[in-house]
Amino acid sequence: MNAPASPAASPSQRARKPDWIRVKAPTSPGYAETRKLMRELNLHTVCEEAACPNIGECWTKKHATVMILGDTCTRACAFCNVKTGMPRPVDLLEPEHTAIAAAKMGLSHIVITSVDRDDLPDGGASQFVKVINALRRETPQTTIEILTPDFRNKPESAVAAIVDARPDVYNHNLETVPRLYPTIRPGARYYASLRLLESVKRRDPSIFTKSGIMLGLGEERMEVHQVMDDMRSADIDFMTMGQYLQPTPKHAKVIDFVTPQAFDAYAQIARAKGFLQVASSPLTRSSYHAGDDFEHMRAAREAQLARVRAD
């Protein structure tokens, strides 16, 4: 994992996926029903837009990560398959449609993410608030996890407004190690993302915070360990690690396919550093098994508090 990251690769250079990263094409009735509902409500999902390898499994179970604020991002990260350009105006019906979808699917846990909207004064924070409020009204039993952009160069009040809307989990991904930011995530700043997550916990310590990185981009083992330490310094509760997969030949190429055993080893180290929850495998993505992971994290916090009270 010492090779430098390359910004792109030709089709002939694209590495062949090992067996452990291969998944079956989605064909189930549950998948078709989820897809139909999203179309009817004019909702976008990161599952489709980012070409997630787990879409078949998740949609079969009627789990979907709704991507608000449209399907066009104002940035062009080297790893991401979401299209870039000038976005359309914000859909005023999106909050209500998202809540209707959650209710119809009977979701116990929902993940809401978005494209970057650098064109909006608050980066789209107010739309997150509206979606959270609509979900609370329509399906109050559903726990809410949000995965936000970094709101770079936006007022601090943008993130504060989302925190005050009380999502159950606030996720913002660091994506990769600091050294690779100039080529992999050039529109963002590593320490700014850490500060965002710190600010969430500082404003409302009861909200679970979560972040993740991709592996296979040329990062070194000790760099991954340092990211873990940085996350714990920011009091992040949940860390995810998954294999980067090159969406198209225009995107950053895969430097190596990290073995399942290496992912397990990283998970052991992360748990030893004090995270309440760790998800680490080749197919791990931010919202993969998010509902189950939330329950495990909540139970881990309760056990932790019980130990403190006992002492």
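Note that Cβ sites are derived from N, Cα and C of the backbone, with glycine treated the same way.
According to Swiss-Prot, the [4Fe-4S] cluster 1 binding site annotation covers C47, C52, C58, S287, on the basis of sequence analysis. Taken from Swiss-Prot, the feature domain 'Radical SAM core' applies to 59-276. What Swiss-Prot lists as [4Fe-4S] cluster 2 binding site is C73, C77, C80.
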Sequence gap of 6 or more, C-beta under 8 Å: which same-chain residues meet both conditions with respect to C73 ([4Fe-4S] cluster 2 binding site)? C80, V82, K83, T84, G85, P87, V115, D116
Around the recorded [4Fe-4S] cluster 2 site (C73, C77, C80), other residues with Cβ within 8 Å of the Cβ centre, ordered by sequence, are R75, A76, F79, N81, V82, T84, V115, D116
Cβ-Cβ neighbours of C80 ([4Fe-4S] cluster 2 binding site) (radius 10 Å): 22
Would you kindly give the Cα-Cα distance separating C77 ([4Fe-4S] cluster 2 binding site) and S287 ([4Fe-4S] cluster 1 binding site), rounded to the nearest Å? 19
Within the chain of C77 ([4Fe-4S] cluster 2 binding site), which residues six or more apart in sequence place their C-beta under 8 angstroms from its C-beta? E175, I184, R185, P186, G187, A188
